[in-house]
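Input: a single structure, listed below in structure tokens.
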Amino acid sequence: MLREPKHFLTSIQLLEIPVLVLIGVYVSEGLGRYSYYIPPENKSSILYKLFVAGQIGILVAFLTRTSITLMLLQLKISTLWRLFFYLAIASQIAIPLALNIALFNMCRPVSTMWEPVSGAKYWNKSQEDIHYYFRIGAAITSDILFAITPAFIIWKLKRSLLERAVIIMLMALGVSASGAVIARAIITANRSPMTDSMRNAVMMLILCRLEDSLLIMA
């Protein structure tokens, strides 16, 4: 599959299907309304589905970024470049796995993420911020890295100037996904303690799906 970038990207796109299904389900359960109007049992169900969708979404976002790298590996490039791209692929697999493992340890027991549990233990605010902004930083760095590095290889191809310029611009479209990532970071940084979590989740959900869509289009 790694030798066929299109097949790999198709596999990643299939992971979006359960996410989209979950979106439809928890919107029907009340996501988007104020918490006051959502029954407690629905709220727990929504938070559980958001947790599951978040796990899948992290994988989709980072693995989609590897598709550009896989396409470049099909070209005749130096051993040094190949090593660099293999390390880049490894990082895009390791980062989401590490982030998801951390999410499972954010609250103990993990069910505290979606329902009240007596005697539960939580990360403090600083630990949560480190996890969140590491994810944001890794995403932005990856987008910029995968937008710049293809230019060095494609520019040396024996193609017309117009062809090379168009290919570089198309492959650099992924950096536009950073806009959605930055928007999430700004919203989180400026969020008031009085912000309704169920209402805020809608905007974050839209930005996450926008990020995934931009990466897939690139």
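Glycine residues also receive a Cβ, built from the backbone N, Cα and C atoms like all the rest.
In TrEMBL, annotation is done automatically, which means it is predicted and not curated.
The transmembrane segment annotation in TrEMBL covers 7-26, 46-63, 83-104, 132-155, 167-187. The annotation domain 'Rhodopsin' is assigned in TrEMBL to 17-216.
Long-range contacts of the transmembrane segment (132-155) within its own chain (CB-CB distance under 8 A, at least 6 residues past either end) are made by residues 58, 61-62, 65, 68-69, 72, 75, 77, 81, 84, 88, 91-92, 95, 99, 164, 167-168, 171-172, 174-175, 177-178, 181-182, 184-185, 188, 211.
This prediction places the mean pLDDT of the domain 'Rhodopsin' (17-216) at 83.
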